């Protein structure tokens, strides 16, 4: 409503429905997106894509090592292969998901939930196998492989189906598996974060018992023997420290995500950007952490070094760092130099004759 001073008339203007619609739409978008702007969501998407790509590369490397190197196809590393396969597929679907497309978004949401749950469940089978072998002195773990598959894939399928009951199909963040409705948030928390922290507690308790068992056995061995090989002592301590890091991988990957979900329950619609960035980045790096801790062990490094010795020319070794060179690199170089000298001597002898 406006007053025209020249004509002395009162002009009544109708509200612009298009403008009002845009304002209502933007308000709904900001509310559903937790107050994050389009620029914030673009940054979160870039973080997710970059971190997931690193996890995909690391997990794919472990999968290829298992498929190409026959000496790695033991039962213990087979469980690591299944873990890496789950991480690889989880990272892949985190990369390809697009919240702006309905079908692709739904496909990413279900597959990501399924394979991420399968990933941390496979870590519990590794912990169970180690505990049963070291603490209980059982040798029947290979007979339990079928039960492991039923437990991991079956549980992942059940929680993914239950999660679909709370799916409201409104996703504006970098992930399609996060929910915006109260019901969806509750179902997502119960079907993912509750079993996740159950797995973390189980792994922590299991590795604590394994490490305590081995340390007690070590003390008994030291008491019964006058001296212990210092090299073996360092190697065993290194293995024990490595096992102690395994539960920390899941904690580091999902601690910020858990805090972010709890904060979203308490203050819905008011997401913190830096917390969301840490949530997205650390969770997407879980596959990379697992591939380094579980997969890139001494057996894998030995197999890779042996193939490098066969296929890479000698000149490339000189540019590699010393820790990436084969252990018998200097011996190989010495043998090649001796062979070249013997060939030169034989040539000189033939010329003299």
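Glycine is no exception: its Cβ is also placed from the backbone N, Cα and C atoms.
In TrEMBL, the feature transmembrane segment is placed on 109-130, out of the ranges 21-42, 109-130. Of the given residue ranges 243-260, 297-314, TrEMBL assigns the label transmembrane segment to 243-260. The range from 133-149, 150-166 that TrEMBL describes as transmembrane segment is residues 150-166. At the 8 Å Cβ threshold, with sequence separation of at least 6, the transmembrane segment (109-130) lacks contact with the transmembrane segment (43-67), having fewer than 3 such pairs. Ranked by the number of CB pairs under 8 Å to the transmembrane segment (186-210), the listed stretches 43-67, 79-97, 150-166, 243-260, 272-296 are led by 243-260. Long-range contacts of the transmembrane segment (150-166) within its own chain (CB-CB distance under 8 A, at least 6 residues past either end) are made by residues 82, 110, 113-115, 117-118, 121-122, 125, 179, 181, 183-188, 190-192, 195. The transmembrane segment (243-260) makes no contact with the transmembrane segment (79-97): fewer than 3 of their CB pairs lie within 8 A, with pairs spaced 6 or more apart in sequence.
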